[in-house]
């Protein structure tokens with residue numbers, strides 16, 4: 001009974017925390033307004049003598065004023081525009097493929113191929129958003145008075161983003177296949193659990209990317225604090241199930257998704273209770289497939305280590 005109460009409380013905290021972005025956005029804007037504004041120096045007419053001294057190194061030209069950064073809201077609107085743009089591109093591809101295959105009386109095949117195109121589009125959007133969201137992430141950190149995350153090499157950031165995105169695709173497939181389970185009353189609950197947890201994975205990935213948390217560490221966090229993440233992802237899961245039209249639900253997701261990413265920064269998912277929350281390995285299947293793909297890619301990727309290459313050749 002105590003464990004059930006703890007699970008319910010953690011779910012409640014996650015659900016409530018998912019709406020913190022409403023006040024947090026205002027806090028970010030207030031913090032942005034407090035930033036020191038550097039006024040550019042007044043232009044001074046340069047004489048021939050000043051230019052001659054600049055060449056000789058006697059007189060140095062004053063430094064250029066720092067470029068003004070894009071505002072938080074401008075970056076946010078850019079991400080909104082990109083999300084909608086990717087969705088429109090996806091729909092155009094579906095229409096073109098459907099029209100092309102209609103000449104062979106295989107319109108459905110064209111549409112199905114178009115739906116599969118969401119996978120490469122999803123990968124592209126994740127990479128671009130990871131780059132664009134860095135400024136928003138910095139604004140969130142400053143509003144929370146947190147130290148900036150350590151600088152991560154681009155290659156490491158890209159690898160982590162791709163692995164995480166691949167795992168999310170497998171987890172999405174796992175959730176979609178679960179709707180075919182022959183359990184009438186329980187099957188919808190299982191599907192909902194997958195979608196809510198998947199939404200939390202999407203939202204918290206950007207925060208975890210900033211701190212360069214490994215994929216295994218993220219997996220352990222989600223499986224150890226699953227009631228919280230279940231509650232956090234519930235509002236987005238409910239909003240994206242309003243319509244039976246996949247495109248409409250995708251538009252709703254694209255509009256709400258950046259807001260919930262911002263909300264993940266002030267969220268407190270690591271609460272302590274009287275007893276530990278039972279860990280559920282709901283990522284086991286998707287993790288297994290992600291690991292298999294990772295090993296396959298590693299096996300076909302040429303190594304730069306001559307010793308390792310020599311050992312592989314001898315074996």
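Residue 1 is the first one shown; counting continues down the chain.
The backbone N, Cα and C atoms fix where each Cβ goes, glycine too.
Note that the structure is a prediction, hence the values are computed from the model and not measured.
Swiss-Prot lists transmembrane segment for one of the ranges 53-73, 242-262, 263-283, namely 242-262. Per Swiss-Prot, the range carrying the annotation transmembrane segment out of 29-49, 113-133 is 113-133. Which of 84-104, 168-188 counts as transmembrane segment depends on Swiss-Prot, and there it is 84-104. When Cβ-Cβ distances below 8 Å are used as the criterion, the transmembrane segment (146-166) is approached by residues 122-123, 126-127, 130, 137-138, 201, 205, 208-212, 214-215, 218, 290, 293-294 of the same chain, each at least six residues removed from its ends. Only residues 6 or more beyond the boundaries of the transmembrane segment (190-210), in the same chain, are considered here, and those with a CB under 8 A from a CB of the stretch are 14, 129-130, 133-134, 137, 141, 149, 157, 160-161, 164, 167-168, 171-172, 174-175, 178-179, 181, 183, 217-218, 221-222, 226, 229-234, 236-237, 240-241, 257, 260-261, 263-265, 267, 269, 282. Within its own chain, the transmembrane segment (84-104) has Cβ neighbours under 8 Å at 110-111, 113-115, 117-118, 121, 124-125, 247, 250-251, 254-255, counting only residues six or more beyond its boundaries.
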